[in-house]
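**Student:** Take this structure, written in structure tokens, and hold onto it; I'll ask about it next.
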Amino acid sequence: MPVIDNLPPLREVIATHELAAKKSLGQNFLLDLNLTAKIARLAGDLTGADVLEIGPGPGGLTRGLLAEGARRVLAIEKDPRCMPALAEIAAAYPGRLQAINGDALTVNPLEHLTQPIKITANLPYNVGTELLVRWLTPPEWPPFWDSLTLMFQREVAQRIVATPGSKAYGRLALLAQWRTDARIVLELPPEAFSPPPKVNSAVVHLTALPAPRYPADPATLNKVVAAAFNQRRKMLRSALKSVSPDIEDHLNAVGIKPTERAEQVGLEAFCALARSLDAS
Ligand code: SAM
């Protein structure tokens, strides 16, 4: 096991603080500090940046982030049992780690952090997707964060980076790719975690673009994409009937065949359709 700090190995931390993994909190811990330092590096240059970490657990990734030079880390953890372990890390990195016992869905990180801000997380699948959608749909763009480096089950990661014509392509891909550059940067087998989950995992790195890739009103684009993919097997002329009675004219005007299905249509064309609807 590599030494990245003078703190005890993670297995010892888990034993000392009796952190038996809880299924209800989606706890699958990373115990290899070499790997957590690698994930921290995938977030880019951390020196000069504040990092928001969601779900630090016993602190493997937290230690990686601090060892890789993060200016400050705000770690939000729901499980109170993890707080003493996180306090030990805070003591080893004076003034650089603030750990909050709370639910990431309710704590406002902006009360504690200064830009530039990078977000990292290894979270349960449902919480991770809900937070990702929130981070991608703020009232204003650019958002408060510069990049997101997030662990997902591989199938969700593939949905984020999917391209037209693939099964994984849908709302999540369009939402992510409209305003970020999104890439899978690491794939991990179940054995990387303790206990091992049933599925493979992947880290996705998303960098916020200064402005959306193509102009469109967010609410209109969201309405169109939601309607199109809610009935993804239907031709767009029927799937989008509820959006506008003249939908065939709008589809033709922007060069989308009304007989096409949502999964064949790219981001640029969806944005053009949203603009056409708003112009009428
Ligand atoms: N980051 C650690 C690691 O990589 O070893 C732990 C990862 S574990 C998959 C997910 C962590 O998220 C757990 O520590 C769990 O208690 C925490 N968690 C689950 N739901 C949460 C929520 N809503 N807010 C904050 N933390 C949460």
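Positions of Cβ are set from backbone N, Cα and C atoms, glycine also.
As listed in TrEMBL for this protein:
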- N28, L30, G55, E77, D103, N122: S-adenosyl-L-methionine binding site (BINDING)
- 35-210: domain 'Ribosomal RNA adenine methylase transferase N-terminal' (DOMAIN)
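Could you give the neighbours, burial and distances for every feature on this list?
**Tutor:** Within 10 Å of the Cβ of N28 (S-adenosyl-L-methionine binding site) there are 19 other Cβ atoms, across all protein chains.
For the domain 'Ribosomal RNA adenine methylase transferase N-terminal' (35-210), the model gives a mean pLDDT of 97.
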**Student:** Which state, by DSSP, holds D103 (S-adenosyl-L-methionine binding site): helix, strand or coil?
**Tutor:** coil
**Student:** Near N122 (S-adenosyl-L-methionine binding site), which residues of its own chain have a C-beta under 8 A away, given they sit six or more steps off in sequence?
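**Tutor:** Counting only residues 6 or more apart in sequence, the Cβ neighbours of N122 (S-adenosyl-L-methionine binding site) under 8 Å are L30, I39, G55, G57, L61, L150, M151.
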**Student:** For a quick check of packing: other C-beta atoms within 10 Å of the C-beta of E77 (S-adenosyl-L-methionine binding site), how many?
**Tutor:** 25
